[in-house]
Amino acid sequence: MLLLLLLLLLLLLLLLLLLLLLLLLLLLLLLLLLLLLLLLLLLLPILPLLLLLLLLLLLLLLLLLLLLLLLLLPPLPPPPPPPPPPPPPPPPPPPRHLLLLLLLLLLPLLLLILPLLLLLLLLLPLLLLLLLLLLTTTTTSTTTTTITTTTSTTTTTTTSTTTTTTTTTTTTTTTTTTTITTTTTTTTSTTTTTTTTTTTTTTTTTTTTHHHHHHHHHHHHHHHHHHSQ
């Protein structure tokens with residue numbers, strides 16, 4: 001009798017603890033729902049993950065309800081089957097009670113572990129978001145580097161074209177190669193003078209020969225000046 005009373009008291013205490021834990025769980029669930037709503041408002045692209053989390057929460061709740069139902073219902077149905085065999089009925093009842101007690105003891109632990117799991121599940125999307133942000137930053141840096149490299153290549157191509165033009169203009173003078181490489185401005189001026197001579201040739205035939213002779217004389221003078229150096 002005393003043992004039965006003690007067992008009943010223990011059961012009552014456990015039930016009270018369970019009720020308190022359930023209340024705490026409800027509060028936690030409300031907080032989680034609020035957090036989920038905030039996440040939905042802030043992070044619309046990650047809807048599938050949030051839906052999965054909600055489904056997991058629902059499944060966990062269903063499992064808890066099933067466990068509670070199993071704990072509450074078993075004491076009532078088992079009495080009818082044992083009556084037919086008279087010797088076996090005395091041993092089975094203690095293990096059932098022990099099982100019930102074990103389950104009741106394990107339930108609070110499970111209820112304590114479940115919120116932690118839920119928190120972990122909530123933290124997972126945040127970690128994923130951080131990873132995505134890090135990946136986006138790295139991609140932007142790589143794009144900037146590629147842009148800089150392309151600009152540098154374009155500049156090199158422009159310089160190469162200018163050098164080719166200078167070499168084509170200086171094919172006429174074979175003796176003075178060093179001076180041409182040092183002064184690029186003189187080569188550009190010679191190109192302008194050649195254009196003016198072409199315009200004069202279109203006007204008359206007599207002036208072209210005279211101008212050509214003058215140009216030859218000027219060239220001879222320039223050559224003589226170089227020889228004196």
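Including glycine, each Cβ sits where the backbone N, Cα and C put it.
What you are looking at is a predicted structure, and each value in this text was computed from that prediction instead of being measured.
Pulled from TrEMBL, these are the features on record:
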type	residues	note
COMPBIAS	145-208	compositional bias 'Low complexity'
COMPBIAS	209-229	compositional bias 'Basic residues'
REGION	145-229	region 'Disordered'
TRANSMEM	27-44	transmembrane segment
TRANSMEM	51-73	transmembrane segment
TRANSMEM	98-131	transmembrane segment
Quickly jot the same-chain residues contacting the transmembrane segment (27-44) by Cβ under 8 Å, restricted to those at least six beyond its ends, or write none.
50, 53-54, 57, 61, 115, 118, 122, 125, 129
By Cβ distance under 8 Å, which residues at least 6 away from the ends of the transmembrane segment (98-131) in the same chain are close to it?
7, 10-11, 14, 17-18, 21-22, 24-25, 28, 32, 35-36, 39, 43, 46, 49-50, 53, 56-57, 60, 64, 67, 71, 74-75
